[in-house]
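Taken from TrEMBL, the feature transmembrane segment applies to B:22-42, B:54-77, B:84-104, B:110-130, B:137-156, B:190-210, B:222-244, B:273-293, B:326-347, B:359-383, B:404-423.
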Amino acid sequence: MSTPLVELNDISISFGGIQAVDHVTVDLYPGEVVGLLGHNGAGKSTLIKCLSGAYQMDSGEIKINGKTATINNPRDARRYNIETIYQTLALADNLDATANLFLGREIVSPFGMVSDATMEAETRKIMSRLNPNFKKFSAPVSALSGGQRQSVAIARAVYFNAKILIMDEPTAALGPQETRMVAELIQELKRQGLGIFLIDHDVHQVKNLCDRAAVMKNGQLVGVVKVDEVSEDDLLAMIILGKKPEHLAA
Amino acid sequence: MADATDAKAPTQRRNALQSLEIDTRLLGMIGAFIVVALVFNVLTEGRFLTPRNIFNLTIQTVSVAIMATGMVFVIVTRHIDLSVGSLLATCSAVMAMLQTSWLVGEAMPLGSAALPWLAIVGGLVVGTLIGAFNGWLVGYLTIPAFIVTLGGLLVWRNVAWYLTTGQTIGPLDETFQAFGGISGTLGAQWSWIIGAVATVIALVGLFSARRTKITHEFSVKPVWAEAVVAIVVVVGIMGFVWVLNSYDLPERVLAREFQAAGQEMPEGYREAYGLPISVLLLIAVAIVMTVVAQRTRFGRYIFATGGNPDAAELSGINTRLLTVKIFALMGFLCALSAVVASARLTFHSNDIGTLDELRVIAAAVIGGTALSGGIGTIYGAILGALIMQSLQSGMAMVGVDAPYQNIVVGSVLILAVYVDILYRRKTGA
């Protein structure tokens, strides 16, 4: 097989004596969606925050395209073309969609002034692709609906040519139609060769959208399985009991 | 501040206002200011709205207004700075000592041309460094800004005392005093020229903003609305210059000047004060700070951090360094205010800037800066300072006792914030 896009090798991180992530190893290939499953507090968000630069791991190694990567903060992660859609969306509510989309990466004129008009035009372009109904370009995002806010967060991740995309429960706050839209987007990004980590509670959705699923319990990795080889019940059993299904256990 | 548009006003008028795309908050503040001015004008039998009083009002506002623009950034990022009055005193002490003692020697006797400028540079450097130090304590050591600057309030007030061993230092250099207001004005001719230049720049700005929108195919307001805005801008700028140019130097001052030059004063000769340099300084600060707030990454990050600190951090913004920069800027502006405040007094005194921290915070808050962070404007803070100063000097002119003045100003502060809360609730902003 080719080189994995991302290798998370033997990652550990603890907070005040609690081992939040305990020697976990997961990898991700280009054009692949890997689902991360587990109860609340299983450590999936914490694991992924080591990759997005929000947390720093205690031990372990991250490799991007086979090379060891140093990620100490979100700025480092962006340099490796890692984009994250956080569960909380991480939007500045007082700013408009354009300001949020370009936050930290504003387009500036030669005099160092931010080019709001250019950025708004770019925002209109990408939003017309992601969410054609989106019209509130100059309202603060606090005035937007949950789905509209979500599309701003997604647009921000997609616009800057992400190679590795992390989605933390991207459909948690969405209605059925918007959920379908996100699912279609994931399929499209996959075709473009992105690698996607998808953190989700919904076993059904993971089975539909993902190629493989990594299940975590109490900070440890229960196992990584191909979703075609397991049933939804198998996945549930892994989440609840913390054991791999018998027909796969070697 | 209060929303000037009446909710029950006819629909047509609301539509007109909407197409003008004018900030209703700005309109409300200007409305409140006009009401204050008119009420005092009636109470003082027309003495409040004279060129002389308007001139005095503007030069009294400058020092607090300059600091208030920096306080907007501090409060927008959910911090506070209680040390600005003390910082002003330390900077003022440094500048007074530099120009009257530390720098004075054989190479540079009193009255040297370079002396006031070196003193100003020294004061600005000191102010910026102290501000940066405050910011480092807040940003990197994560000590709450309230505590850092409460400590700073005591520390810097008394550092200023030690620098001058408690003495009043003066008189300050004459060039330095030109930044104080009355002793540094441009005269009628230059005031008109500057007013005209400002008008042209403003109109070009309006026009190019419209053109940018059209090239990107965004919606623009109707031409009549643009014209109304342009007329208001022109009348505003030129009207302000006209008022200041209507305040003449007293005849005896002019007579003395002619006498000193050994000449006879012509019959009916008059000379206007015109724009004070300190007011020009405030206008320059206001423009630069507005550009920083709206058109630079620094400003964008300030508002993003205020709106959601976690999101800012996750977007790759170095919020700790940002905090240092914001407090350093605040320190710089304190030093700038120290120039104006001590120049206006013509000397440095120990109590200079006492209670200014409260006036500055009040000006920013009356101007619509939200203590919860993320919201605030530079023009609002300046208008807030102007409204506070108008209340204060208006009541003094009417003859209200000093204790009552403070009672009124304090009540107005609380009322203004309450009105602002109601306004936000109604507009959902």
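Note that Cβ sites are derived from N, Cα and C of the backbone, with glycine treated the same way.
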Take a look at B:54-77, B:137-156, B:273-293, B:359-383, B:404-423 and tell me which one has the most Cβ pairs under 8 Å to the transmembrane segment (B:22-42).
B:359-383
Looking at the stretches B:54-77, B:273-293, B:326-347, B:404-423, which one shares the most CB pairs under 8 Å with the transmembrane segment (B:110-130)?
B:326-347
Mark yes when the transmembrane segment (B:54-77) and the transmembrane segment (B:222-244) have three or more Cβ pairs under 8 Å (sequence separation 6 or more) and no when they do not.
yes
Is it the case that the transmembrane segment (B:359-383) and the transmembrane segment (B:273-293) touch, counting contact as three or more CB pairs under 8 Å in which the residues of each pair are 6 or more positions apart?
yes
Tell me, please, if the transmembrane segment (B:54-77) and the transmembrane segment (B:273-293) are in contact, taking contact as 3+ Cβ pairs under 8 Å between residues separated by 6 or more positions?
yes
